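Visitor: According to TrEMBL, the protein has these features:
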type: COMPBIAS; residues: 433-443; note: compositional bias 'Basic and acidic residues'
type: DOMAIN; residues: 5-69; note: domain 'DUF1899'
type: REGION; residues: 420-443; note: region 'Disordered'
type: REPEAT; residues: 78-112; note: repeat 'WD'
type: REPEAT; residues: 128-170; note: repeat 'WD'
type: REPEAT; residues: 176-217; note: repeat 'WD'
Amino acid sequence: MSWHPQYRSSKFRHVYGKAASKDKCYDCVPITRNVHDNHFCAVNPSFIAVVTECAGGGAFLVIPIKQTGKLDPHYPKVCGHKGNVLDIKWNPFNDFVIASCSEDATVKIWDIPNQLLKRNITTPKKELLGHARRVGLIEWHPTADNILFSSGYDYKIMIWNLDVKDAVLSKPVKILDAHKDVVLSMSFNTDGSLLATACRDRKIRVIDPRAGTVLQEGSYKSHRVNKVLFLGNMKKLFSTGTSWWNNRQIALWDQNDLSVPLLEEDLDGSSGLLFPVYDSDTHMLYVVGKGDGNIRYYEISPEKPYLNYLMEYRSHLPQKGIGTMPKRGLDVAACEIFRFYKLIPTKSLIEPISMIVPRRSESYQEDIYPLTAAAQPALTAQEWLNGINKGPLLVSLRPGSEAVNPLPQFLEPEPLVKATGLSQQQGGGGRISLEDKQKPREMEDGRKQLKAEEKLPKNEQMCLSNGFGIFECPPPKTENELLQMYYRQQEEIRRLRELLIQRDVQIKQLELELRNLCMDTGNH
């Protein structure tokens, strides 16, 4: 179905993948040969970390992001594990802290120095000893500082509070014991209040991590799930797996009803795993095939058909794992909306793949860069453990921008209300609608347009968008000129309506920010 889509208007319809030139790649990197189904690579704007081959224990490399080209064969490693490293993840709020887990049943937290590594790092900042068997997955909480989730082959998910002075932690703050087999995948929703898991028993679960309760549980006989992913605030889950006939398969689920998928589609007959990656800012979903060189990408919409196929990046070099750059590390001048780091063990190569929106203008393209998650936590660890939920701090990718306050999260999406009815809605609990959360770009556009118009003289503000002034245009003499004038006026009316909507949204946003400030001062 999604392979033959009808024409639809989308600014991401022509996105294409561009592989970096040889001098921008990372060469001679001894990539791990471990067969575990993980990414084996973690990236932030400062470093790229990759699991490597190591005799007598497990290790990974941490390479400065700008240090491309050939890697010194004696380059220092981070090697403190006694078994193979299975997963690595950067702290989303600190570019110099990374977590790793291993077959030795431990999770370790490492401090990476700001300067170039000169010797191996063997002593971790913290060591987490709670699992009885090897630890296969780790995930940082998306909005709370120093909260880490780990999942092991003892079928347990453990929640760790790293906001303590102890160097060795043996007791997690919470143990989730809802699984009867190995957890294959974990994913948080936007504010980190829910956790979705895929298990080897073929079941998808949605869990309240603080209460430890399973809110939803479901399996579908024709879909053997491997990876699961929350689709931001869409109230949907996306999973990859295999069908009865061992075809690679994707499925879309309603997060509140996991009995039957909303959509199920076979992709191909390859045997490699499919890694799903979702960009909640652009609503684009990337499906990366392990063992092949393809990256399929889709656009997610809230209405049917939900999944709109865009394009496929193809390469003859198969990838073993993949790393993704956070949005704050992208090159906005090149209209880059996503960047993958592709692990190619056959050539000992890490190849960056940039997903680019083709634009002629070299200026900042605000319509493809809505506000995105910043590198500051919205909550402390204790606040989250006490039951507080908060969405991520948002920041503009425009150079020189600063983070803004997070908007309160809504459990149920509500329709956009007019600014006149805002006071009544605020009196009912102070929540904002999902549409407001997903329209920060329009708010920013409105602010900038208002400022620009205030600076213009009145006679210039009367100009139409196509450059003709209202009083300068001669009257139309032919039917063709009359039609052209009519279309120009229609376009101007449409533009003015959009401006009015943006002003309403801006007023609403400012009132919400004012109310949030009043609530914060009242709490203190």
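Placed from the backbone N, Cα and C atoms, the Cβ positions cover glycine too.
Caution: TrEMBL annotation is automatic and unverified by curators.
Source: prediction; values computed, not measured.
Tell me about the setting of these features in this model.
Guide: Residues of the same chain lying 6 or more positions beyond the ends of the repeat 'WD' (78-112) and with a Cβ under 8 Å from any Cβ of it are 32, 34, 36, 38-47, 49, 51, 54, 57-62, 120-129, 131-140, 142, 145, 148, 150, 152, 160, 162, 326, 373, 375-377.
Here the repeat 'WD' (128-170) has long-range neighbours at 36, 38, 83, 86-93, 99-109, 176-177, 179-183, 185-188, 190-192, 195, 197, 209, 373, 377-385, 390-392, 406, meaning same-chain residues at least 6 beyond its ends whose C-beta is under 8 angstroms from one of its own.
With a cut-off of 8 Å between Cβ atoms, the residues of this chain six or more beyond the repeat 'WD' (176-217) that come close are 37, 136-137, 139, 141-144, 147, 149, 151, 153, 155-159, 223-230, 232-233, 237, 239, 241, 253, 255-258, 280, 384-385, 387, 389-392, 409.
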Visitor: Could you give the number of helix, strand and coil residues in the repeat 'WD' (176-217) as assigned by DSSP?
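Guide: Split by secondary structure, the repeat 'WD' (176-217) comes out as 0 helix, 22 strand, 20 coil.
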Visitor: For the domain 'DUF1899' (5-69), give the DSSP counts of helix residues, strand residues and coil residues.
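Guide: DSSP composition of the domain 'DUF1899' (5-69): 3 helix, 24 strand, 38 coil.
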